[in-house]
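Asks: Before we start, here is the structure in question, set down as structure tokens.
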Amino acid sequence: MATSLRRPSFTGCSSSPPDADDEGVRGTCEDASLCKRFAVSIGYWQDPYIPHLVRLSKERKAPEINRGYFARVHGVSQLIKAFLRKTGCNCQILNLGAGMDTTFWRLKDEDLLPSKYFEIDFPMIVTRKLHSIKLKPLLSKPILDLHSEDTLQMDGHTLDSTRYAIIGADLRDIPELEEKLKKCNMNTQLPTLLVAECVLVYMTPEQSANLLKWAANSFETAMFINYEQVRGSRRNVPSSSKPGIPEFLTSCRLVARVFGNSCLGPQESFLEFSF
Ligand SMILES: C[S@@+](CC[C@H](N)C(=O)[O-])C[C@H]1O[C@@H](n2cnc3c(N)ncnc32)[C@H](O)[C@@H]1O
């Protein structure tokens, strides 16, 4: 839907029909964001935006969890900034399975935004995030301030503005994903950073491979950051939610094979990046 206003507003957003499958996988968005929210609340790192997207859980998280999340957020953030500096911000970022991630807003504060920042997640997750964006000026103002047209493309599970787009799509459905990204003016000529932070493990190796092959064939220059659990346990997640786990390391190996080969990180969790 396009709203035609002098200053675009977030009104008129219809809600999306709930998609029934993958409930367990979507639940991982809640887990990750609650852990990040808790770590931020006790000072592990600064994030003024996450309280506007995620409620504070009553349950305290163990120090190991807080430290793990600190390393994860800091590590991914360092690599994103390295890419932005290397490209002089003349690039785009695709955050795959972004959940309640706040990188776009934090980069804006550091004057380090790419030409365009895209977030993709299941429509139901996107609808929830869009709801918060519409309600919270701290989240909506940077998007509106950076928007250069009178109209803002928006429906219940997509918002497309000049510098930020959020898209409800299934990463396993490549034609749909590509079509939606193109509608939001994804530019395959621009240096592109793809980020998957604890996402590929929720797909089968074949599905991750398809996504990676699409990425490798679509962009003139691309870098892929894959932060993944390896040697994972099935303890806390229904087994059907983590089809990638039995072949742990598969997604890291796949990224390395498709994009080149650079690995960083401790034994239990790989931060992988490849030019
Ligand atoms: C563990 S959460 C991580 C969220 C975010 N990357 C972070 O680190 O805070 C995994 C995310 O990937 C999304 N996801 C998993 N499989 C997906 C798929 N096939 N299509 C779209 N999103 C997917 C989930 O909905 C969820 O938001």
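Note: Cβ is positioned from N, Cα and C throughout, glycine not excepted.
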Asks: Which candidate from Gly27, Gly43, Gly97 does TrEMBL annotate alongside Arg72, Asp170, Leu171, Glu197 at the S-adenosyl-L-methionine binding site?
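Replies: As annotated by TrEMBL, Arg72, Asp170, Leu171, Glu197 share the S-adenosyl-L-methionine site with Gly97, chosen from Gly27, Gly43, Gly97.
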Asks: Could you check which of 1-25, 126-150 is flagged in TrEMBL as region 'Disordered'?
Replies: 1-25
Asks: Please give the S-adenosyl-L-methionine site's span as the largest CA-CA distance among Arg72, Gly97, Asp170, Leu171, Glu197, to the nearest whole angstrom.
Replies: 24
Asks: For Gly97 (S-adenosyl-L-methionine binding site), list the number of other Cβ atoms lying within 10 Å of its Cβ atom.
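Replies: The answer is 23.
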